[in-house]
Amino acid sequence: MKRPLVDYDSGSGSESECGSSSDGPKSSSTNIPPQLKKRRNGDIGTRAPPSAPASTPIAPLGRSSGTHTIPPKPAPKSTSSLPPISDRFNDLYASNTRTAVSDDPSLHQGRQRQVPHIPGNWPSHVYIDWDPSSGDRELLSSLVDKLQTRVAAAAQRYPDLEGVKISTALRDPELPVDKPLHISLSAPLTLTSKNKDAFLDDVTRALRSSGVSPFVVDFSGGVNWYRSEESTRSFLVLRVREVQNTGMTTADSSPNPRLTTLLQRCNKTAKEYGQPPLYDSQDMGYRFHVTIAWTHARPSESLKQLTDSIFDDCKTMYSENMSIRDKLCTGSSFRVETVKVKIGNHVTRFELPDKGLALPVKTT
C-alpha cells in the first residue's frame, strides 16, 4: 500500500473525511518531508479537504483542539424585482428631435423633418417632460387602441376615414420602451456648432431669471385634434391647464401664466439666434398641450366625432359612471419641476427653484 504524503492526527476527528482507514499507517513526524512539515506547523488557514461538505467542522491543520465551521454560501439574491430606470434614461426618447444626417421617412413611420438637416447644425428643443403613471398610461393607451379599432371599422362607411392610420405617441416605434410625453417650450430649433453652447447658456439664464417655481398642471383643457400649417401630421392632444395652490384650475383671462412666462423667455432667446418662436400670438396661453397620438391625415369631422365618442364613453376601467374625459380632467395631473434643453443627443436639465408656494407669475 502506498503511504500518503500527509496523515492527519487521530485526534483531529478528520480521518473519515480524508478517507484514511483505521488499519492504515500511523502518522509520524519522521515520515513527513521537511517542506510539508513547515506547511503543517504554519498557519495556513482552515481550508477543508476537497471532499468535505461545506458545513462540516474541520480541525485546523497541525492542531488537536478547536474546530472551524465553514458557513454555507449565502442564497443568491432574487432577480425578480428590477431596480427602477433612471429618468435620465428617458431623455433619449423624450423629444421627437432626430439627429440622423439623411431623411428617410420610410424608417420613421412616414415622418419628415420640418427643418432639413444641414451638416454642422444641431436639431434642438426646449420642453417639459411628463412620464405618465401606470394608470394614466393604461388609460391613454386604451383610448388610442379604441380609436385605431373604430377608425378601421368605420372606414367603409365614411370615405374621409379611408386609409387613416392612427399612431401612438406613448411608445417608441423602433424600441420596446414607453416614451415620456412632453409640453413644448420651443419650436424645433437648428443651432450651429459655433452658437449651440452660447444658446444653452442664454436660455438657462433666461429660465433662471423667470421667477417661476415648481407648479402643477392637469388636462382639464380638453382633448382635440391639432394640425399646424407647417406640419405634415395631425396630432391628438391633451390641453394643459395649470392648477392653483387651492387645487382649482386657473379660469381667468390669462390661463397658464407660468407656462406662458417660460415660453416667452424661450421665444425671446430663440429669436436672438434667428430661430422661429412657438405660439407667438395672443392666445399662446391656451395652446400648451401633450401629444398622445398622430396621423398623416387631416382631422376630418368623422375622425373628430369618433374621438369625442370615445372620450365620452362612460365605461372606463375606473368607474362605470366616469368617462375618459372626466378621468383626465379630474384625476390626472403632474408637478412641473424641470425644464429640459435637448441639443443633438445631449440633454441639459434645469430645475425650477423651489421658493415655497408657487404663486402665479405675472406675464409680460
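Don't overthink the numbers, they just go from 1 along the chain as shown.
Just so you know, glycine gets a Cβ as well, placed from its N, Cα and C.
Per Swiss-Prot, the feature active site, proton acceptor maps to His182; the stated evidence is sequence analysis. His182 (active site, proton acceptor) carries a strand DSSP state (E or B).
Residues or ranges marked as active site, proton donor in Swiss-Prot (evidence: sequence analysis): His289. Sequence-distant contacts (6 or more apart, same chain, Cβ under 8 Å) of His289 (active site, proton donor) comprise Ile183, Gly221, Tyr226, Phe235, Val237, Leu238, Arg239, Val240.
Here Swiss-Prot flags 182-184, Tyr279, 281-291 as AMP binding site. Residues within less than 8 Å, Cβ to Cβ, of Asp283 (AMP binding site) and separated from it by at least 6 positions along the same chain comprise none.
As annotated by Swiss-Prot, UMP binding site applies to Tyr279, Arg287, Phe288, His289, Val290, Thr291. If you take the C-beta of Phe288 (UMP binding site) and look for same-chain residues 6 or more apart in sequence within under 8 angstroms, you find Ile183, Gly221, Arg239, Val240, Asn256, Leu259, Leu263, Tyr279.
According to Swiss-Prot, the compositional bias 'Low complexity' annotation covers 9-29.
Sequence annotations record features per position, and here Swiss-Prot assigns region 'Disordered' to 1-120.
Within the same chain, residues at least six positions away from Val290 (UMP binding site) with a Cβ under 8 Å of its Cβ are Trp130, Leu181, His182, Ile183, Phe219, Val237, Leu238, Val240.
DSSP assigns Gly285 (AMP binding site) to a helix. Less than 8 angstroms from the CB of Ser184 (AMP binding site) sit His125, Val126, Tyr127, Leu278, each of them six or more residues away in the same chain.
According to its DSSP assignment, Val290 (UMP binding site) is in a strand. Taking the mean position of the Cβ atoms of Tyr279, Arg287, Phe288, His289, Val290, Thr291 as the UMP site, the remaining residues of that chain whose Cβ falls within 8 Å of it are Ile183, Ser184, Tyr226, Val237, Arg239, Val240.
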